[in-house]
Amino acid sequence: MESSRRAVLLVAVAAAAIGLASASFRDNCDIKWNAENAAFSDDGHGLTMSLKSNTSGCLLQTKQQFIYGSVSTRIKLVPGNSAGTVTTYYTSSVGKDHDEIDFEFLGNETGQPYTLHTNVFADGVGKKEMQFVPWFDPTTDFHTYTISWTPCMIVWYVDDTPIRVFRNYRDKGIAYPIKRPMFGYSSIWSAEDWCTQGGRVKADWSKAPFVASYRDMVLDVCPCDGSDSCVYGCEGAFGHGGQEQNCAGLSDQQRTKMLEKQKYNRIYDYCVDYKDNKKPGPECSLPQY
């Protein structure tokens, strides 16, 4: 009886996950902060968010919480002098000891490259940053950014190229997000005290508004309220017992592409360039792909 109940639950969860694909921003998200700075396209699949002053900005949140799956969107970043601005695309739980998976795009002076910042929080602990310089101009066209979160690993993709993997090693005492539902978020905000060359370069507010553009959000996720049965069902749908490819690791071709980007475009790795004389975490000595 128990095995039959679990099988039915897995089928129901998988069906729900498939049903959320190809969502529109307008229908599936709420503007939680400064709605006057957001504008949807007529079909709801396009969005712009504006930063007009150091106390403004904008924040979008999906209406649906989920555990596991992938969230993806196409972004065209703030062009020109974007110093002091941060554009984000991330997932996060709410409440104490939160989990979070980040893409952050740190602006720069005209002619200087953006910094593509990634991080992961589990049980309230982050400080697992990796940063990259894009190998393209992210302000002239839309590029696709994807966060894939499964019971086995988290993968950050740029235009279908993986740039980083964080494996689940909870069995070795390393925190990994497995039980807290997350929302998907996008935002633009001012961080001129730290984000551009350590805060040396401030935002030029005469160039405001700073505008980031989004298109074609895709959610392939497992809706979940955080109950034990829901967490179990989502684990089965997106890990062992469900989409088995999610636990198989990267393909040889993907691994080659990722290592190339890490060799030539990565500018900071918390496992190597750790600060304050702190030792790297134990996960740094374990295979991540």
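Heads up, the Cβ atoms here are built off N, Cα and C, so glycines get one too.
Lifted from TrEMBL, the feature list:
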type     : residues : note
ACT_SITE : GLU100   : active site, nucleophile
ACT_SITE : GLU104   : active site, proton donor
DOMAIN   : 1-214    : domain 'GH16'
CARBOHYD : ASN108   : N-linked glycosylation site
SIGNAL   : 1-23     : signal peptide
> Taking the Cβ of GLU100 (active site, nucleophile) as reference, which residues of that chain separated by at least 6 in sequence fall under 8 Å from it?
Replying inline: TYR90, THR91, SER92, SER93, ASN119, VAL120, PHE121, GLY126, MET182
> For ASN108 (N-linked glycosylation site), which residues of its chain lie six or more apart in sequence with Cβ-Cβ distance below 8 Å?
Replying inline: SER82, ALA83, TYR114, THR115, THR196, GLN197, VAL201
> Does anything in the same chain, at least 6 positions from GLU104 (active site, proton donor), have a Cβ under 8 Å from its Cβ, and if so what?
Replying inline: VAL86, THR87, THR88, TYR90, LEU116, HIS117, THR118, ASN119
